[in-house]
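K.L.:
This structure is in structure tokens; I'll ask about it shortly.
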Number of protein chains: 2
Amino acid sequence: MDLSILAPVGAVVALLFAFFLSRRVMKADEGTDLMKKIAGAVRKGANAYLKRQYTGVAIFFAVMFVILLILAIAGFLTPFVPVAFLTGGFFSALSGFIGMKIATYANGRTANSASKSLNAGLRIAFSAGGVMGFVVVGLGLLDISIWYFFLKFWYSTVDVMQNEAAQVQAITSAMLTFGMGASSMALFARVGGGIFTKAADVGADLVGKVEAGIPEDDPRNPAVIADNVGDNVGDVAGMGADLYESYVGSIISTAALAVAAGLGFKGVVIPMSMAAIGILASIIGTFFVRTKENASQKNLLGSLRLGTWISAALIAVAAFPLIYFGLGAEKIGFYFAILSGLLAGILIGVVTEYYTSDSYKPTKKLAGTSSTGPATVIIGGLSLGMLSTVLPVVIVGASVLVSYFLSGGSDSYNNGLYGVGLSAVGMLATLGITLATDAYGPVADNAGGIAEMAHMGEEVRKRTDALDSLGNTTAATGKGFAIGSAALTALALIASYIAEIQVLKPDFNFNLTITNPPVLIGLFIGGVLPFLFAALTMDAVGRCAQKIVVEVRRQFREIKGLMTGEADPDYASCVDICTRSAQREMIAPAIVAVAAPIIVGLILGVNGVAGMLAGATVSGFILAVMMANSGGAWDNAKKYIESGEYGGKGSDNHKAAVVGDTVGDPFKDTSGPSINILIKLLSMVSIVFASVVLSFSLIK
Amino acid sequence: MDLSILAPVGAVVALLFAFFLSRRVMKADEGTDLMKKIAGAVRKGANAYLKRQYTGVAIFFAVMFVILLILAIAGFLTPFVPVAFLTGGFFSALSGFIGMKIATYANGRTANSASKSLNAGLRIAFSAGGVMGFVVVGLGLLDISIWYFFLKFWYSTVDVMQNEAAQVQAITSAMLTFGMGASSMALFARVGGGIFTKAADVGADLVGKVEAGIPEDDPRNPAVIADNVGDNVGDVAGMGADLYESYVGSIISTAALAVAAGLGFKGVVIPMSMAAIGILASIIGTFFVRTKENASQKNLLGSLRLGTWISAALIAVAAFPLIYFGLGAEKIGFYFAILSGLLAGILIGVVTEYYTSDSYKPTKKLAGTSSTGPATVIIGGLSLGMLSTVLPVVIVGASVLVSYFLSGGSDSYNNGLYGVGLSAVGMLATLGITLATDAYGPVADNAGGIAEMAHMGEEVRKRTDALDSLGNTTAATGKGFAIGSAALTALALIASYIAEIQVLKPDFNFNLTITNPPVLIGLFIGGVLPFLFAALTMDAVGRCAQKIVVEVRRQFREIKGLMTGEADPDYASCVDICTRSAQREMIAPAIVAVAAPIIVGLILGVNGVAGMLAGATVSGFILAVMMANSGGAWDNAKKYIESGEYGGKGSDNHKAAVVGDTVGDPFKDTSGPSINILIKLLSMVSIVFASVVLSFSLIK
């Protein structure tokens with residue numbers, strides 16, 4: 001049975017559904033003129049940022065394209081690679097662009113709908129998130145499908161390969177490289193967006209809340225629009241590009257692992273079909289997301305969860321016949337690999353929620369540390385984050401172990417690795433709805449901002465607050481999901497890297513034992529890269545926030561009547577500062593991520609690169625989970641105090657908690673998520689430059 | 001030429017020199033009655049702590065002894081192991097005990113001598129540090145020598161082995177296991193002492209400095225004696241036990257690697273002789289540590305550095321004939337391995353100083369972040385710490401690479417590993433004087449405290465401040481040295497672990513490639529252990545500090561006339577709280593460290609354990625460097641502001657910097673250093689339980 005048609009069908013259905021959702025969003029009323037004006041300002045800022053970002057990224061892609069072209073001409077790469085690199089980047093950018101566009105249209109509309117009912121507000125915000133989710137999976141699968149069919153045609157008609165195995169090898173090898181385009185684009189979107197959003201947020205808070213004593217989202221704060229723009233460019237577009245990359249990466253790396261596992265075209269088609277099944281299941285799941293008026297936060301969260309769980313259950317059911325008929329009854333172990341990934345994704349979400357939601361003990365305890373000042377809040381949050389890394393590691397570890405052995409890894413190593421790849425695909429199969437649930441958060445957050453700025457009244461603000469507060473939880477679980485899937489994808493990519501080397505140089509003498517010094521040193525260097533990356537991105541946020549502070553202070557000082565509400569602040573200047581800074585600050589991390597595998601490769605050779613990839617995946621996974629959870633818990637501990645515990649808003653406890661929240665901002669929204677990209681991009685770059693490293697490395 | 005006599009000679013010389021130094025300390029006058037009273041109180045507290053700690057530790061050792069005995073009877077271990085375990089623990093405890101004892105005698109004497117001249121103060125403080133340093137190396141090498149000669153006698157006379165290789169194997173294998181005793185003791189000393197010292201420090205500061213507004217070291221603060229006791233039990237005894245363990249571990253693991261490298265007894269004797277040479281060189285070095293009156297901090301630091309560098313130079317010279325004549329001209333590559341370790345130790349010190357001293361840009365910049373409040377201080381300090389991990393990783397990596405390849409690793413893997421072991425020995429050869437320089441710090445710190453409490457006047461306080469401030473720098477570089485040597489030692493121990501498995505089961509089917517799932521999962525689990533450990537120890541400090549806060553508040557409230565100086569606080573109660581808490585809080589981290597390798601081994605097997613050890617070493621090294629350097633930089637940024645920059649003491653900038661310093665306290669003095677022990681103890685436990693794991697593991 002040829003299942004390959006499933007992928008393009010799934011892709012088109014996803015895009016159509018995204019179109020349907022976007023129509024629903026656009027049909028909603030945007031509200032009063034003031035609301036339109038504010039939403040328009042946010043939209044304008046976001047567009048300006050994206051335009052400048054794409055200009056910068058275009059330069060990077062042009063340079064890389066030329067380098068890849070030269071390497072292709074020199075015979076190190078197939079000619080498809082430079083083009084595949086471009087399409088990977090293009091589709092990733094496009095999905096970010098569309099998702100963010102709709103998000104900026106949905107902000108005001110969500111606020112306005114919330115003035116009618118909670119359910120109406122939820123509907124618009126969730127639909128906007130859904131556009132992001134389904135555009136990501138739709139475009140991702142579309143890109144994969146196009147290349148698959150094109151390459152299959154090419155290698156069976158134009159450049160005919162002798163047998164199926166060789167064909168599959170040539171196809172998957174070329175497809176792998178377009179992942180590097182997606183990864184590079186994701187890096188810029190995540191890092192740039194992350195710096196933008198947190199610099200604006202921190203800058204706005206430091207002067208507005210702390211110095212001037214005006215509330216959050218107050219329209220008198222000149223950085224408030226930049227803050228809202230940041231939510232869109234960072235939390236929506238950045239998150240989308242990140243998961244686009246994981247999604248594509250997991251599918252193509254698993255496809256590439258099918259070669260060594262001897263599964264041929266069938267093995268390539270399975271992950272693509274799984275993705276298609278996931279899309280259909282996710283669409284069905286979205287219809288279960290609705291709520292009653294006056295729903296508690298628990299009900300709201302329950303309704304979002306219900307959608308995800310129904311999707312997961314459908315996938316669990318549908319994956320069985322897929323494997324049974326697609327690969328045969330004797331390969332049914334792969335089904336359990338998929339299940340283990342699916343389950344791991346859900347469990348990581350549960351653990352993340354436990355550590356970051358103020359319904360549970362850890363965050364409540366963290367809120368309590370505010371009684372002895374900011375220092376104990378920081379210590380408590382850091383140790384909470386560190387502690388929270390243990391269970392995700394166990395979950396990912398168990399998932400790898402289960403999928404490897406149930407896929408027959410003890411008999412065939414390559415079957416086991418293919419199983420690990422499938423577990424990553426299984427985890428990401430729910431991406432359509434998971435991302436919808438996740439991208440919903442910043443839309444609701446912004447709706448709250450607009451409600452505040454447009455003075456829409458107590459009741460509306462209460463509703464948007466309910467939506468927003470829930471968004472914090474879904475954002476945290478979404479981050480857990482993003483990093484969990486990044487880790488599994490990175491592991492599949494490492495296996496693909498080694499498989500790629502075996503293809504390029506079948507007699508290469510691997511020594512991947514951990515006591516081989518190049519591997520060991522690679523582990524160390526890989527281990528330190530996430531720390532370097534986190535340091536660079538945190539510093540970037542600090543520098544950029546500093547500029548915002550200076551600018552906001554200047555406006556407070558120089559614009560007469562600003563504090564009394566008689567004059568408008570100059571919002572555009574803050575947006576512009578963030579845009580330019582984020583642009584400039586992206587450069588150093590990008591260079592690290594692209595140069596590290598090449599430099600390490602040229603010195604330590606292939607074994608060293610493999611060590612580096614493993615080290616970066618391990619330490620990156622742990623550090624990213626820690627930073628995301630510390631940040632999430634600080635944020636919610638502050639919100640918990642604001643809800644009236646430990647003295648409430650304005651108390652010394654609250655001030656201490658605000659310090660934690662401010663530290664947590666770059667943790668959870670800049671550095672932590674950026675690490676996801678890093679660990680995948682390192683593998684992608686290693687794969688693309690494998691033949692160069694093979695030829696020129698100092699240690700062979 | 002039989003060099004084996006060098007080791008016991010070196011050991012005895014070290015102990016004699018330590019005795020000589022201790023006489024010098026004891027001869028000095030302890031000053032006024034008030035000073036004697038204060039110093040006596042500190043001494044009493046420290047003794048009380050040690051007594052209780054040793055009681056607790058005795059229980060642990062008794063339990064472990066019984067377990068090991070049962071395993072020995074069951075045939076899993078040689079009968080020497082349980083006894084060796086005890087002696088390792090005993091000598092480690094003894095060196096901590098002596099070192100701390102002298103330190104507590106030296107505190108008041110240093111303050112009193114400083115009232116005469118700066119040089120006199122330096123002389124006493126440095127001599128006290130020297131006692132710690134030379135007792136550690138003396139007892140360490142003594143223990144090694146005793147076992148070496150005893151086992152050599154045993155296996156050549158009583159239980160005669162067929163050939164040299166078998167003898168060497170049996171000897172080194174038994175010696176390896178007494179490292180576990182030293183490691184276990186070190187764990188309790190470092191973790192317990194670390195919790196004690198920082199709980200007292202943080203607790204004293206939170207109520208005293210922040211709430212009551214009285215200066216540091218003010219005698220009215222009920223926690224002030226506990227704080228001083230903490231410096232002794234944590235920074236002196238804890239540091240000593242840590243490095244005792246690295247010292248012993250590096251020597252015996254290198255000796256064990258000599259077997260596989262085919263070097264026989266000669267290969268065993270080389271690391272022992274290197275240690276002896278290091279002792280003599282260190283003794284010579286100490287005579288160059290002196291200063292002029294009115295010396296600047298730079299001069300003071302210069303004089304301490306001069307001693308270390310002269311020792312290092314002497315070792316570099318003497319190691320050449322050692323290898324040349326000890327192993328033969330064709331093995332001279334090993335000499336370069338020693339050099340690379342020696343150099344790496346010095347370079348890590350330099351990097352640490354760059355990142356943590358306020359003479360350089362990073363800490364100055366960090367001080368500047370205080371202008372925007374505590375949150376930016378925290379972000380700045382964390383990113384500084386993260387950034388500071390890159391160079392140490394490169395240094396250690398380069399050192400491993402150089403020592404491996406120059407030792408002939410490309411021809412003989414085992415020679416290369418022996419070379420890596422020698423580089424660890426080379427790094428630790430300067431330990432006598434390095435530890436003297438390091439343990440000097442807390443003595444000077446306490447002298448300052450006593451000068452303050454005894455109202456000794458401006459001039460004396462200025463001198464002790466000069467000594468103390470320098471102590472901060474040497475403490476930071478000492479920490480860099482401790483973690484650098486721990487990493488190299490841990491690597492040598494991993495190699496020893498694998499060698500041990502090969503001995504136990506020559507046909508064991510290793511699959512240590514990083515893509516083998518048990519190895520990979522081991523890497524993840526190992527990677528997360530330092531984070532877990534850091535979280536547990538930070539939480540412990542937090543909980544214990546909380547109790548101190550409550551107690552100090554109670555005393556301020558209930559003891560009439562305390563704030564006016566008419567009544568004395570109840571110092572003993574704070575000491576008692578810290579003692580009991582530290583005792584209780586040690587248990588969880590100890591269980592993690594001992595149980596993790598056994599549980600991982602029983603599930604994932606030998607390959608999984610090896611992966612775990614590598615993962616823990618990589619992530620532990622990075623995390624420990626980060627925590628030590630963040631903490632050191634925060635401390636010095638605060639001191640920099642106190643020196644008058646950015647508004648000076650009492651300004652908002654200063655308050656923000658104090659938050660950073662408080663967070664840094666458990667970072668640099670509890671969690672960070674504890675990780676050193678963790679990564680070595682994991683290997684030691686793995687080695688001791690290797691045969692159990694081989695027999696019972698789920699995955700073979």
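Each residue, glycine too, has its Cβ placed from N, Cα and C.
From TrEMBL, for reference:
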{"type": "SITE", "residues": "A:A475", "note": "site 'Determinant of potassium dependence'"}
{"type": "TRANSMEM", "residues": "A:6-26", "note": "transmembrane segment"}
{"type": "TRANSMEM", "residues": "A:83-103", "note": "transmembrane segment"}
{"type": "TRANSMEM", "residues": "A:247-265", "note": "transmembrane segment"}
{"type": "TRANSMEM", "residues": "A:271-289", "note": "transmembrane segment"}
{"type": "TRANSMEM", "residues": "A:309-327", "note": "transmembrane segment"}
{"type": "TRANSMEM", "residues": "A:333-356", "note": "transmembrane segment"}
{"type": "TRANSMEM", "residues": "A:377-405", "note": "transmembrane segment"}
{"type": "TRANSMEM", "residues": "A:480-499", "note": "transmembrane segment"}
{"type": "TRANSMEM", "residues": "A:519-538", "note": "transmembrane segment"}
{"type": "TRANSMEM", "residues": "A:586-604", "note": "transmembrane segment"}
{"type": "TRANSMEM", "residues": "A:610-629", "note": "transmembrane segment"}
{"type": "TRANSMEM", "residues": "A:677-699", "note": "transmembrane segment"}
K.L.:
Tell me, please, if the transmembrane segment (A:377-405) and the transmembrane segment (A:610-629) are in contact, taking contact as 3+ Cβ pairs under 8 Å between residues separated by 6 or more positions?
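P.N.:
Answer yes: the transmembrane segment (A:377-405) meets the transmembrane segment (A:610-629) with 3 or more Cβ pairs below 8 Å.
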K.L.:
So which of A:6-26, A:83-103, A:271-289, A:480-499 has the most C-beta pairs under 8 Å when paired with the transmembrane segment (A:677-699)?
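P.N.:
Against the transmembrane segment (A:677-699), the leading stretch is A:480-499.
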K.L.:
Under DSSP, is A:A475 (site 'Determinant of potassium dependence') helix, strand or coil?
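P.N.:
Reduced to three states, the DSSP call for A:A475 (site 'Determinant of potassium dependence') is helix.
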K.L.:
Under an 8 Å Cβ to Cβ limit, what residues of the same chain, 6 or more beyond the ends of the transmembrane segment (A:309-327), are close to it?
P.N.:
1, 3, 263, 266-267, 269-270, 273-274, 277-278, 280-282, 284-285, 288, 334-335, 338-339, 342, 346, 426, 429-430, 432-433
K.L.:
Other than its close neighbours in sequence, what residues sit by the transmembrane segment (A:586-604), given a CB gap under 8 Å and a spacing of at least six beyond its ends?
P.N.:
56, 60, 64, 184, 187-188, 191-192, 195, 518, 521-522, 525, 529, 532-533, 536-537, 540, 611-613, 674, 677-678, 681-683, 685-686, 689, 692-693, 696-699
K.L.:
What stretch, picked from A:271-289, A:480-499, A:519-538, has the most CB pairs under 8 A with the transmembrane segment (A:333-356)?
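P.N.:
That would be A:480-499.
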K.L.:
I'd like the Cβ neighbour count for A:A475 (site 'Determinant of potassium dependence'), meaning other Cβ atoms within 10 Å of its Cβ, all protein chains included.
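P.N.:
Its Cβ shell of radius 10 Å holds 27 other Cβ atoms.
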K.L.:
Need a quick answer: max count of Cβ pairs under 8 Å to the transmembrane segment (A:480-499), which of A:6-26, A:247-265, A:271-289, A:519-538, A:610-629 is it?
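P.N.:
By Cβ pairs under 8 Å, A:610-629 leads among A:6-26, A:247-265, A:271-289, A:519-538, A:610-629.
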K.L.:
Quick one: find which recorded stretch in A:6-26, A:271-289, A:519-538 has the most Cβ pairs under 8 Å with the transmembrane segment (A:610-629).
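P.N.:
Result: A:519-538.
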K.L.:
Give the nonlocal contacts of the transmembrane segment (A:271-289) in its own chain as ranges (CB under 8 Å, at least six residues past its ends).
P.N.:
3-4, 6-7, 9-11, 13-14, 17, 122, 126, 130, 133-134, 137-138, 140-141, 144-145, 148, 247, 250-251, 254-255, 303-304, 306-312, 314-315, 318-319, 322, 326, 338, 421-422, 425-426, 428-434, 436-437
